[in-house]
């Protein structure tokens with residue numbers, strides 16, 4: 001047990017946790033400082049995550065949008081909640097991690113601003129590309145929604161589901177257009193006139 005804990009302390013910690021396991025996606029991760037945030041699927045809440053809680057070997061990090069599973073606990077400093085024993089969607093599964101690694105003193109040029117989504121040397125709080133204090137979608141930059149409900153993100157991560165939903169919406173729209181088209185109205189009017197003529201003829205025959 002001790003040897004296993006030294007080899008993979010994150011996995012051992014997950015086995016001892018009494019809380020349920022949650023799922024989410026990486027919002028952003030600062031590879032030089034070793035921490036970031038994940039967005040919880042159920043609540044949409046931002047959860048702090050530290051590299052020491054990542055189930056992977058070597059340089060530990062998360063890639064933006066990477067799917068993860070984890071447990072939740074209160075942070076030791078009292079500043080909200082954090083994810084721990086973080087692994088892939090299957091518990092115990094290793095993580096892919098970020099393709100970006102710090103590069104000495106020039107590491108800042110390899111970091112991505114989570115406000116505008118661009119690789120640059122500026123920090124998020126001083127981002128020159130986002131002119132509003134409101135929350136913006138870090139995936140597409142829109143002020144209309146946040147990343148957890150971004151349509152572009154859904155197209156990227158769930159293309160088959162999005163395609164099916166769009167096809168169904170197009171079908172319903174076409175049906176609605178057909179119902180309100182002049183040809184359809186004329187056809188309905190013709191049937192109504194024909195029905196009335198039949199009823200009149202039946203009454204006359206009686």
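Cβ coordinates are placed from backbone N, Cα and C, and glycine is handled just like the others.
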Kindly point out the range from 91-148, 149-206 that TrEMBL annotates with region 'Disordered'.
149-206
Taking the domain 'CCHC-type' (137-152) alone, what is its mean pLDDT?
73
